[in-house]
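What follows is a set of notes on a single structure, which appears directly below.
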Amino acid sequence: TKMARVLSLLEKDPSFWNKWAQSTLKNALQLQKLNQNTAKNLILFLGDGMGIPTVTAARILKGQLSGKSGEETQLEMDKFPFVALSKTYNTNAQVADSAGTATAYLCGVKANEGTVGVNAAATRSQCNTTQGNEVTSILRWAKEAGKSVGIVTTTRVNHATPSAAYAHCVDRDWYSDGEMPAEAIQAGCKDIARQLFENIPNIDVIMGGGRKYMFPKNQSDVEYPGDKKHFGTRKDGRNLVAEWTNRMKNKQAFYVWNRKELMSLNPNNVDYILGLFEPGDLLYNLERNPDTDPSLTEMVEVAIKILRKNPNGFYLLVEGGRIDHGHHEGKAKQALHEAVEMDRAIGLAGLLTNIHDTMTVVTADHSHVFSFGGYTSRGNTIFGLAPMFSDVDQKPFTAILYGNGPGFKVVDGLRENVSTIDYQENNYQAQAAVPLSMETHGGEDVAIFSKGPMAHLLHGVHEQNYIPHVMAYAACIGQNRDHCMSSNGASGLGPALANPTHQLFESINNVLVLSRMCAVFTKGELQQFGQLFYMFS
């Protein structure tokens, strides 16, 4: 393109790079004055499965969609001033899943894979390990502090990521009672859809998919009335949507199931919204019907316009959840377009809020075994071929590849020749080294981008469960409140002074913990614990 040719000429002049670097340096020096305001609003954008290779590839795609080479493009998240790394492992898994990680970045506690809103003492699928092991989320902390709260996702609203914001469940797959074993129901465990409406009263904004889990078994779906796979799943016969509508009838509350209904609302006249736009997950953005299905950006716009009316501010969780699904299916094009769409939503959120009173964090729960390489030339389409053939099997290969997954294909005993197929098609499954029906997560650290009040506290390499503690500290909610009031009652963030009463209770608790340890562990094991305590003190 003309733009690419002009850029190529500029890049040959050293002054182009020097001036760009000096401009970046000037901006960096401005960050020496830290934003220590109290965060009125908190927004967490969670790109499910958005590892660093996905961020880089999405950046290139974004640029190429606008006619540029791509590599020099900035994502909206790239513009955030502070970046950190998050260690994503679960308490029982080196390579994490989306449930245990959601518990970490929403509840502040690392947990076992497959569990949401419970600590690591809970065991997956064992109902009797739920009670007493529940942990609360930053969404609840915000609600209890008088803020409005919202959840927006491209997956089911009772999927792993959003469910950790409100549910306490030892199995992420218990979407409704129709997916639960009879013994778990008899033991008193609740399905996740039910917990969405019962655990935290009046969540202000709920938008995503998952309609079928709210309706009685075999009830036909409003959008796909003849398709049995979209029928209701609830065995208890409850209609959770009707219950919500009835409970909210005296409030400015609206249930919507399509884009037309959503976009016809005036957010100034809406205090509560329940939007369920598909029976299951929302469609990929590339396949979305723009007449009936809202985009993530459109949902975020409506959400913020509703939530920001609260003078106490808001907490909003936004999940680009189908980045993960695209990767699992080996469909890199779907995954990357989902990431670009989430980046659009990040940009819009920035326009609708103020960096002085809104802390925005963008991160991922885990990565994937997705990669791109092969010495591709500048401006090579991100979905294109590497510039050489393999020197082993003398066949071409795409720049994008997976370590494992459904893209593993053998033709006549040899690797498939990708030049004979349409490798730029939306649902092309990139070649994989190991055959699996579903590609797996990756175990490397993921990025945390942050801006706004106290964003500088997200720096370096952190445990994933650190994230909600920082966000709560910035907003003076949850357990992080002592630092928010000066002696004269004025608000202002600063280092928290030790509270003598808190110190006493902490000391008593430590003694109780140590006494219990002495009853369980050997002398040698206790000495090892002592060394660990010394290291961390």
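In case you wondered, yes, glycine gets a Cβ from its N, Cα and C as well.
Taken straight from TrEMBL:
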| type | residues | note |
| --- | --- | --- |
| ACT_SITE | Ser98 | active site, phosphoserine intermediate |
| BINDING | Asp48, Asp324, His328, Asp365, His366, His441 | Zn(2+) binding site |
| BINDING | Asp48, His159, Thr161, Glu319 | Mg(2+) binding site |
Inter-residue C-alpha distance, Ser98 (active site, phosphoserine intermediate) and Asp365 (Zn(2+) binding site) (nearest angstrom):
6
At a 10 Å cut-off from the C-beta of Ser98 (active site, phosphoserine intermediate), count the other C-beta atoms across all protein chains.
27
Excluding Asp48, His159, Thr161, Glu319 themselves, which residues in that chain have a Cβ inside 8 Å of the centre of the Cβ atoms defining the Mg(2+) site?
Leu46, Ser98, Ala102, Thr153, Thr154, Thr155, Ala160, Pro162, Gly320, Gly321, Asp324, Asp365
With every protein chain in view, what's the tally of Cβ atoms within 10 Å of the Cβ of His441 (Zn(2+) binding site), excluding that atom itself?
23
List nothing but the one residue from His159, His328, His366 whose Cβ has the fewest other Cβ atoms within 10 Å; the candidates are the binding-site residues.
His328
Cα distance (Å, whole number) from His159 (Mg(2+) binding site) to His328 (Zn(2+) binding site):
16
Taking the Cβ of Glu319 (Mg(2+) binding site) as the centre, count every other Cβ atom within 10 Å, in any protein chain shown.
29
Alpha-carbon spacing, His366 (Zn(2+) binding site) to Glu319 (Mg(2+) binding site), which is rounded to whole Å:
13
